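Colleague: Grabbed the feature section from Swiss-Prot, which reads as follows:
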- Lys99: active site, proton donor/acceptor (ACT_SITE)
- Glu21, Tyr53, Ile72, Glu73: substrate binding site (BINDING)
- 160-163, 171-173, 192-195, 200-215, 227-233, 238-240: ATP binding site (BINDING)
- Asp212, Asp214: Mg(2+) 1 binding site (BINDING)
- Asp212, Asp214: Mg(2+) 2 binding site (BINDING)
- 1-119: region 'DHNA' (REGION)
- 120-270: region 'HPPK' (REGION)
Amino acid sequence: MDQLQIKDLEMFAYHGLFPSEKELGQKFIVSAILSYDMTKAATDLDLTASVHYGELCQQWTTWFQETSEDLIETVAYKLVERTFESYPLVQEMKLELKKPWAPVHLSLDTCSVTIHRRKQRAFIALGSNMGDKQANLKQAIDKLRARGIHILKESSVLATEPWGGVEQDSFANQVVEVETWLPAQDLLETLLAIESELGRVREVHWGPRLIDLDLLFVEDQILYTDDLILPHPYIAERLFVLESLQEIAPHFIHPILKQPIRNLYDALKK
């Protein structure tokens, strides 16, 4: 992909753990590579299809100096986060933040941290069977947007019977396709935080829930940890999930089963 490179932008700020760093300040140096398609900007001379690097450098300087953080990791992360928010056309970003005056009391050229993030497509299943179910789904989607997660597509809302053997009210279910620069684990933590904010209490396994947010796919990632399994292990067993998925992404291929969603849906429906 095409790349814009910004190298060694110098800024003065008051980041650091030591009191002297927060009182006296020091020099920091930022370099970054931003990846996006430059075709429209190059052929149509359209600045809106590009990143105005002069404005971006000014924004970085403003953002960098408006707070005093203990860790350069925090500052670098915030620069990446706000750049993605301000420039939706950027698909990937690698940013290095150097701290050449780091107080280590040894001969040193610089210390630096590098944060590398790439936008990914993910699918999230939403469900609710308590209160105003459709309103709960809408609130969850609004909270995703508020966190900078771009909603690409929304399936229709389905009324479905509960899954898992616990007697309870029917569900309103939906699947959304999103674009996010958050890694899978961070995206999961975001979903759990939204559930908590909306009042979900985990008492009965597969029991009634005000809101349920399940991470189904993140691109073609296959992942198994104590906290997260990708793809979601029950996708091929849940007709309501497949029905919603095939509505918005029928040709998406399950990375383990190697079948498009529409085939999995047709097979389970039979």
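We count from 1, first residue shown onward.
Note: Cβ is positioned from N, Cα and C throughout, glycine not excepted.
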Colleague: Give me the DSSP three-state residue breakdown of the region 'DHNA' (1-119), ordered helix, strand, coil.
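Modeller: Output for the region 'DHNA' (1-119) reads 43 helix, 37 strand, 39 coil.
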Colleague: Please list, in sequence order, the residues in the chain of Leu230 (ATP binding site) that are at least six apart in sequence and whose C-beta is under 8 Å away from its C-beta.
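Modeller: Listed in sequence order, they are Ala184, Leu215, Phe217, Val218, Gln221, Ile222, Leu223, Tyr224.
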Colleague: Using C-alpha atoms only, work out the spacing between Arg209 (ATP binding site) and Glu73 (substrate binding site) and round it to an integer in Å.
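Modeller: It is 37 Å, counting Cα to Cα.
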Colleague: Take the Cβ of Lys99 (active site, proton donor/acceptor) and count every other Cβ within 10 Å, whichever protein chain it belongs to.
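Modeller: Excluding its own Cβ, the number within 10 Å is 21.
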Colleague: Check the DSSP secondary structure of Leu230 (ATP binding site), expressed as helix, strand or coil.
Modeller: strand
Colleague: Taking Cα atoms as reference points, which of the recorded positions Glu21, Glu73, Lys99 is nearest to Glu195 (ATP binding site)?
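Modeller: It is Glu73, whose Cα lies nearest.
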Colleague: What is the number of other Cβ atoms found within 10 Å of the Cβ of Leu239 (ATP binding site)?
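Modeller: The answer is 15.
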Colleague: Please state whether DSSP places Arg209 (ATP binding site) in a helix, a strand or coil.
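Modeller: For Arg209 (ATP binding site) - judged by DSSP and reduced to three states - the answer is coil.
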Colleague: Determine, to the nearest whole angstrom, how far the Cα atom of Ile72 (substrate binding site) is from the Cα atom of the residue listed as 'active site, proton donor/acceptor'.
Modeller: 8
